[in-house]
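The next block holds one structure in the form of structure tokens; read it before the comments.
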2 protein chains.
Amino acid sequence: MVLRVGVVGGGQLARMMIAPATEIGVEIRVLAEDEGMSAALAATAVGDYHDAETVLAFARDVDVITFDHEHVPQDVLRALVGAGIAVHPGPDALLFAQDKLQMRARLQELGMPQPEWAAVSDVTELQDFIDAHGGRAVVKTPRGGYDGKGVRVVSSGVEAEDWFSSLAEDARGGALLAEELVDFSRELAQQVARRPSGEVRAYPVVETVQRDGVCAEVIAPAPHTGDRLQTVAAQIGVGIAEGLGVTGMLAVELFETTDERVLVNELAMRPHNSGHWSQDGAVTSQFEQHLRAVLDLPLGDAEPTAPWSVMINILGGPAEGGLDERFANAMAQHPSAKIHTYGKAPRPGRKVGHVNVVGEDLDEVAYQARAAAGLFGG
Amino acid sequence: MVLRVGVVGGGQLARMMIAPATEIGVEIRVLAEDEGMSAALAATAVGDYHDAETVLAFARDVDVITFDHEHVPQDVLRALVGAGIAVHPGPDALLFAQDKLQMRARLQELGMPQPEWAAVSDVTELQDFIDAHGGRAVVKTPRGGYDGKGVRVVSSGVEAEDWFSSLAEDARGGALLAEELVDFSRELAQQVARRPSGEVRAYPVVETVQRDGVCAEVIAPAPHTGDRLQTVAAQIGVGIAEGLGVTGMLAVELFETTDERVLVNELAMRPHNSGHWSQDGAVTSQFEQHLRAVLDLPLGDAEPTAPWSVMINILGGPAEGGLDERFANAMAQHPSAKIHTYGKAPRPGRKVGHVNVVGEDLDEVAYQARAAAGLFGG
């Protein structure tokens with residue numbers, strides 16, 4: 001009997017689960033939002049993941065439902081669970097990836113290190129928070145933000161007036177999340193895999209470089225990282241995975257501060273851009289690990305296979321002119337580069353693929369990866 | 001514009017092209033012999049590859065046709081070429097993988113080292129060859145043999161009488177291939193990738209261990225291999241690829257003799273069992289390399305990513321009892337093992353998957369691979 005995993009969402013994360021599913025002999029089925037998406041090869045259904053009936057019909061005959069993204073509404077998730085379908089990560093965990101205010105409150109209960117924060121329900125409360133934190137703050141919409149959207153650095157409460165107005169119109173009402181503007185030296189990410197039956201594996205902590213709020217580059221493991229930092233990051237990752245009951249892959253985005261603290265920035269409960277290096281640089285890629293975890297199969301080694309891996313995102317350049325010639329150029333000039341593509345039409349700023357290079361010497365590895373990705377003019 | 005590759009044959013080699021095709025953004029379409037074969041995920045057609053119309057219809061709209069096996073008849077191959085379809089490897093090259101007598105004659109013209117051989121058309125000629133070679137010989141049917149089938153070690157001409165009779169009935173008539181029984185110390189395999197435009201890359205020579213005529217284990221690179229042997233093996237591989245005009249992956253099975261000669265045993269013009277280690281142990285796997293080569297894209301590094309890789313085939317045990325629990329056991333006890341499955345129903349002696357382990361210490365790598373594969377009781 002072949003195990004079957006159903007993935008809601010047809011983006012590149014679902015696409016990148018196809019290869020390891022084929023290798024370990026798991027049947028993968030995808031519910032895609034549209035025809036011709038990144039994961040089209042495995043798409044057995046096309047429909048709206050906001051519609052419980054659509055998702056329930058898709059979920060029939062699979063052993064577990066998992067996700068390409070965290071946007072499936074709680075009522076749909078709970079309808080799946082109510083129908084006796086295994087859902088990993090489950091709704092109780094996903095809630096904390098869907099609502100940043102809930103996440104901050106829960107991490108506080110768990111005693112996790114994080115920026116100072118507050119729920120602010122109007123301009124005045126935001127202004128008070130700004131005044132109490134050196135005249136600046138980060139303000140976030142609790143829901144629906146990604147890749148820098150729904151995030152603003154403000155120095156005055158009125159700069160978020162439009163968001164407060166739309167909150168007022170929103171039936172749910174609610175508040176915005178205000179956070180101290182952290183003076184960080186760099187950003188890190190800690191990934192952890194966790195099975196429903198409890199087995200946990202931590203990947204090495206990595207350094208992530210963001211540009212315009214989008215992950216641009218990842219160095220694995222994070223350079224200049226002592227045992228203490230690795231241990232602290234792994235403890236935070238495992239603590240959150242267990243504390244929130246996360247199943248599958250968890251990515252914890254971290255700030256390393258100039259005063260040597262590590263603070264939790266964001267959470268993702270799925271394979272994550274900060275783990276793409278693992279496709280070519282770890283014994284078990286995050287995509288194979290996610291499949292093993294959600295199916296409650298034994299987890300694989302999360303160890304690197306070489307001293308250094310560097311991942312560079314390819315951002316789609318001008319829409320005219322396909323990627324083919326650029327791929328051929330990158331392949332020809334950088335035979336050590338592993339090029340991964342998402343089958344998406346190129347658009348300026350859109351993630352259409354990434355390059356991994358793995359090796360002994362960080363300078364050489366980073367040079368090859370940046371040079372290969374640079375040929376795509378992203 | 002996305003490049004499209006059409007693969008004739010739905011076996012595990014086609015299946016293992018799906019992962020790299022997805023990664024490098026190539027659309028892969030498979031013409032499978034039946035429903036539910038190993039490569040079913042990418043099967044866009046089911047039909048008989050002996051039928052030119054079926055293959056021509058499948059080949060429409062792809063950029064190149066390549067193969068899961070070498071059994072497509074010459075007339076079908078030439079019909080494709082006649083229709084202006086790119087076919088790699090092409091019929092002129094594939095002929096030498098389809099007919100062992102043609103292969104021996106051509107390698108002789110190329111001056112390649114090989115066992116002494118002769119075309120024998122009856123029992124008497126075979127007996128004469130046996131008498132001239134120490135009283136024993138290997139006799140092979142020129143066509144249709146694989147995994148030890150169509151091969152016999154004989155000490156008397158009458159032991160091949162049945163084959164001569166069927167040759168007589170065969171309209172084509174023809175002869176059998178007689179070869180000296182080589183006194184070899186071990187078997188090696190040299191893989192080479194070659195593009196239509198000429199670029200060639202050689203993989204490290206590997207040691208292959210056969211059991212009952214079937215590849216059981218591969219150690220990459222071959223242990224105790226000096227520069228001379230590696231150079232000789234690579235020269236043979238490149239010489240054959242160029243001399244026969246092979247495009248895509250070529251595997252040359254070699255005998256290393258007790259008197260330190262290297263002799264060509266068999267050829268395969270496709271990804272080959274001796275190269276499965278490259279999925280986890282080389283910068284570019286033979287499956288990605290084959291796709292790059294047949295599409296005439298620049299080739300990737302063929303270098304190992306670690307000092308040692310060991311591949312062990314999983315032979316399907318008793319049909320009752322699926323593989324799942326055994327996979328879970330192997331995953332649990334050997335987290336460093338990369339388990340690859342072919343989506344085939346287990347049958348005694350049938351190749352249903354393989355295990356790769358990669359690392360620094362050959363003893364440890366081989367132990368982990370053999371122990372993990374051993375759990376499948378193949």
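The count begins at 1 with the first shown residue.
Glycine residues also receive a Cβ, built from the backbone N, Cα and C atoms like all the rest.
Some features that TrEMBL has for this protein:
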type: BINDING; residues: A:Lys100, A:Lys140, A:Glu179, A:Glu180, A:Leu181, A:Val182, A:Glu187, A:Asn265, A:Glu266; note: ATP binding site
type: DOMAIN; residues: A:104-295; note: domain 'ATP-grasp'
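Neighbour list (A:Glu187 (ATP binding site), Cβ cut-off 8 Å, at least 6 residues apart, same chain): A:Glu207, A:Thr208, A:Val209, A:Gln210, A:Glu253, A:Leu254, A:Phe255, A:Glu256, A:Asn265. Listed in sequence order, A:Arg104, A:Pro115, A:Glu116, A:Trp117, A:Ala137, A:Val138, A:Val139, A:Lys140 are the same-chain residues six or more apart from A:Glu179 (ATP binding site) with CB atoms under 8 A from its CB. When pLDDT values are averaged over the domain 'ATP-grasp' (A:104-295), the model yields 94.
All protein chains shown were included, and the count of other CB atoms within 10 Å of the CB of A:Glu266 (ATP binding site) stands at 17. Annotation note: A:Glu187 (ATP binding site) sits in a strand segment as assigned by DSSP. Non-local neighbourhood of A:Leu181 (ATP binding site): A:His133, A:Gly134, A:Arg136, A:Ala137, A:Val138, A:Val153, each in the same chain, at least six residues away, with C-beta under 8 Å from its C-beta. Using a 10 Å Cβ-Cβ cutoff, A:Lys100 (ATP binding site) registers 24 neighbours.
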